[in-house]
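As annotated by TrEMBL, domain 'MacB-like periplasmic core' applies to 22-233, 526-666. For 277-386, 702-811, the entry in TrEMBL reads domain 'ABC3 transporter permease C-terminal'. The transmembrane segment feature in TrEMBL is assigned to 21-47, 269-293, 325-350, 362-383, 417-436, 699-723, 743-768, 788-807.
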Amino acid sequence: MEAIFQDLKYAARGMAKAPGFTAMVILTLALGMGATTAIFSVVYSVLLQPLPYPDPDRLVSVFEVNRRGTFARLADPNFNDFRDQNHSFVGMAKYNGFVVNVVGPAGPTRTGVSYVTRDFFKVLGVQPVMGRSFAADDAHPGAAPVVLVGARYWKEYLGSAREFSRLNLRIEDRIYSVAGILPEQFEFPAKTDLWVPSELDPENTSRTSHNYSAIGRLRPGVSVTRASADLAAIAERIVQQAAEQNDYLLRSAAAVSMQESMTGRVRSLLYILLGAVGFLLLVACANAANFLLAQASRRGRELAIRNALGAGRGRLMGQFIAETLLLSGLSCVAGIAIAIGLLRALLALAPADLPRLSEVTISWPVLGFTAGISLLAAIGLGITTAVRATSGSSGGSLIEGGRGSIGTQRSERVGRAIVAAQLAMTLVLLTGAGLLGRSLLRVLSVDPGFRTDHVVAMDLELQESADGKAQGMPVLRARRSQLVNRLIQRLHTIPGVQQVAAVNAVPMDGGLPDGMFLAVTPQENPKDFKEYSALAKQISRRGTADFCAASPEYLQALGIPLVSGRFFDQRDTFNASHAAVITESLARARWPHQDPIGQTIQFGNMDGDLKLLTIVGIAGDTHEYGLEQPERPTVYVNFLQRPRSIFSVVMHSDMDTAQLTSAARAIAHDEVPDVAPRFRTFRQIYATSLGSRRFNLTLVGVFALTALLLAIGGVYGVVAYNVAQRTQEIGVRMALGARNADVLGLILRQGLTTTLIGVAIGIGGSFVTARAIQSLLFGVTATDPLTFAGVALLLVCVAGLACYVPARRATDVDPMVALRSE
C-alpha cells in the first residue's frame with residue numbers, strides 16, 4: 001500500500017512538472033468521457049432504467065393486429081372482451097389523450113387531458129400523493145365528474161392549493177371537481193396533466209373504431225408470450241363472431257412489454273449514437289496514448305537509471321499505471337462536468353417525441369459507468385505505455401545519454417499504428433455524418449406541396465354546452481359554421497392578411513383521420529348507417545383516403561395547386577349540396593381512366609354526416625405526414641358545411657408574426673372568450689417534422705468533427721515528434737547533399753503512408769458500420785460512393801496538411817546545429 005501511495009505522489013509531482021502535457025491528456029480524455037457520459041445518460045434513462053412503477057416487468061401494452069400485420073389501437077368492444085375473457089392479467093385499462101381547452105381558476109389553457117378507465121392507476125400501481133384515486137361511483141354515465149391533476153398543473157395553474165377539492169375545472173363541456181394530485185414524476189401518457197374517467201361517456205359499439213390504447217398487468221409468472229397467445233385466441237373468437245367483416249376489423253392481438261412499446265422505435269437510434277460516441281472515446285484514448293508514449297520516450301534516461309539502481313520492470317510498470325490512474329481520474333471529474341453541459345444542450349436539441357425525456361439525468365448508475373470507462377482507460381493506457389517504456393535496455397539508454405530514447409524506432413512504429421487507428425475510426429464517424437447529411441439534403445429537396453413561409457396556424461377548440469348538444473347535431477353544426485365563418489371574416493380585416501381558412505388538422509401534424517369512403521350514386525346514398533354498412537360490404541365501392549375538412553381559401557393560403565375544377569366558394573353554403581375536392585393521387589387510383597369531377601361519394605363514417613359529397617375539383621398532393629412519407633390520397637370537404645369543434649385557422653400574411661398573433665388572439669378572445677388559442681408558424685411545424693433527423697446529424701456530426709480534430713492533432717504530434725527525434729539524421733542527410741524537397745518528401749511520405757493505411761482500414765470499417773444506420777437514411781444507400789469518396793478525400797487532405805507543417809519545419813534545420821545537438 002505504501003508503494004502505491006509513493007507511486008501516486010511521484011506521479012502527481014511529475015504531472016506538476018509538465019503542466020502542458022498534463023492539461024492536453026486530461027482535456028483529450030475529458031472530451032471523450034464527457035460526450036460518452038452524456039449519451040449514455042440518455043440511453044440508460046430511456047432504454048435501460050426500469051419504468052418508475054411497481055414490478056415494471058409485469059406491465060405490458062396491448063394491441064390489436066390489423067390485416068397488414070401491424071399494431072393498432074383497440075375498439076371499445078374488443079377491449080372489453082380482452083379484459084373480461086383473459087386468463088393472463090390481473091388488470092387491464094385503456095386510455096386516450098388529447099390537447100383540449102381547459103378553463104380553471106387561472107383562465108383558459110390548452111392542456112393535455114387523458115381519458116382513462118377506472119383501473120388505469122391500479123394497473124400502473126400509482127396512487128395520488130393527496131386526495132384519492134377514481135372510485136366505482138366515478139366511472140359510469142351520469143356520475144359526478146372528477147379529475148386527477150398532475151403535480152405540474154397543480155403548481156402552475158392551481159397555486160399548489162391544499163383545499164383542492166373545492167376547485168373546479170371545465171374540460172370541454174363538463175365541470176370537474178379535483179379528486180386528487182398525482183406524484184411529481186408521474187407523466188403517462190406523455191404530456192398529460194389531467195386524467196378523467198372515460199366511463200362518463202357511452203362507449204362506441206363499433207369493433208372497427210380504434211379509439212383507445214391499452215395497458216395490462218400480468219399475473220405473477222405469466223410471460224409476455226403466453227399473454228399474447230391468450231389475447232390472440234380471444235381475437236380469433238371476435239373475428240369469427242363479428243357482424244362487421246371489413247378491412248378495419250382486427251385480425252389478431254398481441255401484448256408487448258410496456259417499456260419496449262414506449263421506447264422500441266428509438267432503441268436502434270440511441271444505440272447507434274452510443275456506438276458513435278464510443279468511437280470518439282477510442283479516438284481520444286488513442287490520442288492520449290500517443291501523448292503518453294512521447295512523454296515516456298523523453299524519460300528514457302530516467303527509467304534506465306532507476307532500473308540500474310534496482311527498480312524492476314514490475315515496479316516501473318506500477319509507476320506508469322499510477323500516473324494514468326491519476327490522469328484518468330482527473331479526466332473523469334472534468335468529463336462529468338462537461339457531460340452536465342452537454343446533456344443540457346442535448347435535451348434542448350432532442351425531438352419532443354423522444355420517450356421518457358423528462359427522466360433523463362446523470363444518475364448514480366451513469367456515474368458508475370463513467371467511473372468504469374475511466375478505470376478501463378487508465379489500465380489500458382497505463383499498460384500500453386508501461387510495456388513500451390520498459391521494453392528497452394537500461395544500458396542502451398545510459399549510453400545514449402541526452403538522447404533520452406527507448407526503442408525510438410519501435411516507439412515511432414507504435415505511434416504511427418495508433419494514428420492509423422485514430423484515422424480509421426474518424427473516417428467511420430465522418431462517413432456516418434456524411435450519409436446522414438446527404439439524407440437530410442435529400443429530405444429538404446422534397447417539395448412538401450404547400451408553402452411553409454408567411455403562414456401562421458391558430459389552434460382552437462370550441463366550448464359547447466350540454467344544452468347545446470342536446471338540440472342535436474344539425475343545430476350544433478349550424479352554430480359552429482356560423483361562428484367559424486364570422487371568425488374568418490374578422491381575421492380577414494387584420495391589415496396584411498391575404499387568406500384565412502379553417503382546417504381540421506394542419507399538415508405534418510399527424511392529425512388527419514383516414515377511413516373508407518364509398519362510391520355511390522345519388523339514388524344509392526344511404527339514409528342511415530345500417531344502409532351504409534350494407535353498401536360497405538361491396539368491395540368495388542370502397543376507397544381509402546385521409547379526411548380533411550377545410551374552408552374556402554385553404555388551397556390559396558397554403559399555396560396548394562388546384563389541378564382542375566374548383567375549390568370551395570360562396571356557392572357551398574351550409575345548406576347547399578355538399579362538395580368535395582380530391583387529390584391527384586386519389587383521382588389516379590380510384591378513377592384511373594375517367595374524369596372524377598361530378599362523381600359522388602359517401603364519407604359519412606368519418607363525421608356522422610351522411611350527406612352525399614359531389615367531387616368538384618382536383619388538388620395537388622401534399623406530404624401531410626412528413627417529407628419522408630409518401631403523398632397520401634385525401635378527400636377535402638368544406639369545413640363550413642361539415643364543421644368540427646377542434647380545428648386550426650391558417651392565415652397567410654406578410655406582416656410580422658408577433659403582430660399577427662396579437663391581433664388574432666384579441667379577435668379569438670372576443671369571439672370565443674373561454675378558449676385559449678395556440679399559435680404556430682408553418683416554419684416551426686416544418687422544422688419540428690425534421691427534428692429527429694437534425695438531432696441525429698448534429699450529434700454524429702459533432703462527434704465526427706471532434707474526432708477529426710483529435711486525429712489531426714495526433715497526426716501532427718506524431719510527425720512533429722518524429723522530426724524532433726530525427727533532427728541529427730536530417731542534419732546528416734542535408735550535410736551530404738539532400739535538398740529541402742528531399743527532406744520534405746521523406747517526412748510527408750511517412751505521414752501520408754500512415755494516413756492512407758488508416759483511410760483504407762476506415763473505408764472497410766465504414767462499409768460494415770454504415771449498414772447499421774441504413775434505417776436512418778433517406779434517398780442514399782449505406783454504400784453511397786460519393787459520400788465515401790468525399791470523406792476519404794477530406795481526411796487525406798487535412799491529414800496531409802497536418803503532416804506538411806512539421807515536415808516544412810524540418811527543411812529549416814541547420815545541418816551544423818543538428819550535428820552538434822547530439
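Every residue gets a Cβ built from N, Cα and C, even glycine.
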Of 269-293, 325-350, 362-383, whichever stretch has the most CB pairs under 8 A to the transmembrane segment (417-436): 269-293
Stretch-averaged pLDDT - the domain 'MacB-like periplasmic core' (526-666): 93
Summary of DSSP states over the domain 'MacB-like periplasmic core' (526-666), given as helix, strand and coil counts: 36 helix, 42 strand, 63 coil
Residues of the domain 'ABC3 transporter permease C-terminal' (702-811) by DSSP state, where helix covers H, G and I: 96 helix, 0 strand, 14 coil
